[in-house]
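Record features, source Swiss-Prot:
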- 142-146, Asp186, Asn240, Gln289, 385-386, 402-404, Leu411, Tyr433: cyanocob(III)alamin binding site (BINDING)
- Cys26-Cys265: disulfide bond (DISULFID)
- Cys105-Cys308: disulfide bond (DISULFID)
- Cys155-Cys197: disulfide bond (DISULFID)
- Cys388-Cys393: disulfide bond (DISULFID)
- Asn160: N-linked glycosylation site (CARBOHYD)
- Asn216: N-linked glycosylation site (CARBOHYD)
- Asn316: N-linked glycosylation site (CARBOHYD)
- Asn337: N-linked glycosylation site (CARBOHYD)
- Asn343: N-linked glycosylation site (CARBOHYD)
- Asn349: N-linked glycosylation site (CARBOHYD)
- Asn354: N-linked glycosylation site (CARBOHYD)
- Asn369: N-linked glycosylation site (CARBOHYD)
- 24-310: region 'Globular N-terminal alpha domain' (REGION)
- 333-433: region 'Globular C-terminal beta domain' (REGION)
Amino acid sequence: MRQSHQLPLVGLLLFSFIPSQLCEICEVSEENYIRLKPLLNTMIQSNYNRGTSAVNVVLSLKLVGIQIQTLMQKMIQQIKYNVKSRLSDVSSGELALIILALGVCRNAEENLIYDYHLIDKLENKFQAEIENMEAHNGTPLTNYYQLSLDVLALCLFNGNYSTAEVVNHFTPENKNYYFGSQFSVDTGAMAVLALTCVKKSLINGQIKADEGSLKNISIYTKSLVEKILSEKKENGLIGNTFSTGEAMQALFVSSDYYNENDWNCQQTLNTVLTEISQGAFSNPNAAAQVLPALMGKTFLDINKDSSCVSASGNFNISADEPITVTPPDSQSYISVNYSVRINETYFTNVTVLNGSVFLSVMEKAQKMNDTIFGFTMEERSWGPYITCIQGLCANNNDRTYWELLSGGEPLSQGAGSYVVRNGENLEVRWSKY
């Protein structure tokens, strides 16, 4: 177990709102670093031509101190291209991630944040999210996961934001924490990280707010932590395999809000390691999101003024180390049932290569019948996002989206990462959240 430091205390009045116990963090021991190698292999072997996954991977590797020079150089170039050429197109959360990745620690790339006024641009994008919420019944332009990233980045990099707006919009019962009736663990976890940063800034006097704001932030954090823990499974996963890493980060920084027996950190860690060994994290975004927690790190460890640490030697990674890729079964095909459901359901049978992802099935069906199965998508930091099918497009203001299902159950992975199985019944359904 690893000990972290309590926040500085300022005044007896604030004392009652500040965590009274030290944060306990479990992390992979050095002798078990070999069990993290599949995550690193996924990040090393992935194709970053579009540059969308690069930000998550750079953030993750820098945060835990792993330097793979040739890979990092390639991904930094992709990030620089996005900053210089298409910044107006990126969402607020993507821009927040770019800032976090560039400024994890003191490094040359950090200058891009200031040379291109990224903090100012994020402030504007965040304000646009707030204005959209005010105009559209509390619905942001993107989602609350990205909104939380915005607040976190602005907080860590001394940007301007309104504490009153944070208190107003981050109430735990806000509909944006939910998809239908299901609480979103990763959204709640990112909100806990953001609120914890804001609270620390209030305590340190970096931003001004009244006593009520600090109290409300503590109340919100406690409620969100309880909701996160309510999603804990018997095997220790929290929400699902892919939300567990960020849930761990949130619980690392909020130990004052739950009892020691409410969460067995080591059990969660061991289950995630088992999931890694079974190939669960084959998507670079998923691999990047889970790695920091396994190394005992959280996004609150980001500090643009601190020296970059290096843990590469402990992993025995060479910058040019060749990675052996296991090829899929040669010319092995599978058949799946695929349907699109709007008011009625449209079916087809699709044959794809063994090892194909959901997106490949959609692309094959589109070639078979573009009228019924034609779709459009956007490449985002979290992978491909299905925007329209049959010309019917997802709309944040209406809280509509295209839901991916297998056997009638919602998937926890996206179209670009979920690997389909022979005989599977796959569905894309027009839904509201």
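Just so it is clear, glycine is given a Cβ too, placed from its N, Cα and C backbone atoms.
Bear in mind that the values here come from a model prediction, so they are computed numbers and not experimental data.
Positions of Swiss-Prot features highlighted on the structure.
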residue: Gln146; record: cyanocob(III)alamin binding site; DSSP (3 states): helix
residue: Cys155; record: disulfide bond; DSSP (3 states): helix
residue: Asn160; record: N-linked glycosylation site; DSSP (3 states): coil
residue: Asn240; record: cyanocob(III)alamin binding site; DSSP (3 states): coil
residue: Cys265; record: disulfide bond; DSSP (3 states): helix
residue: Asn337; record: N-linked glycosylation site; DSSP (3 states): strand
residue: Asn354; record: N-linked glycosylation site; DSSP (3 states): coil
residue: Asn369; record: N-linked glycosylation site; DSSP (3 states): coil
residue: Tyr385; record: cyanocob(III)alamin binding site; DSSP (3 states): strand
residue: Cys393; record: disulfide bond; DSSP (3 states): strand
Among Cys105, Cys155, Cys197, Cys308, Cys388, which are disulfide-bonded residues, the residue with the most C-beta atoms within 10 angstroms of its C-beta: Cys155
Cα separation, Leu404 (cyanocob(III)alamin binding site) to Asn160 (N-linked glycosylation site) (Å, whole number): 37
Rounded distance in angstrom between the Cα atoms of Cys393 (disulfide bond) and Tyr385 (cyanocob(III)alamin binding site): 11
Chain-internal residues near Asn369 (N-linked glycosylation site), provided their CB is under 8 angstroms and they sit 6+ positions away: Thr348
Three-class DSSP secondary structure - Trp402 (cyanocob(III)alamin binding site): strand
Among Cys26, Cys197, Cys308, which are recorded as disulfide-bonded residues, the nearest neighbour of Trp402 (cyanocob(III)alamin binding site) by Cα: Cys197
Protein Cβ atoms within 10 Å of Asn343 (N-linked glycosylation site), excluding its own: 5
Between Cys308 (disulfide bond) and Gln146 (cyanocob(III)alamin binding site), the C-alpha gap once rounded to whole angstrom: 26
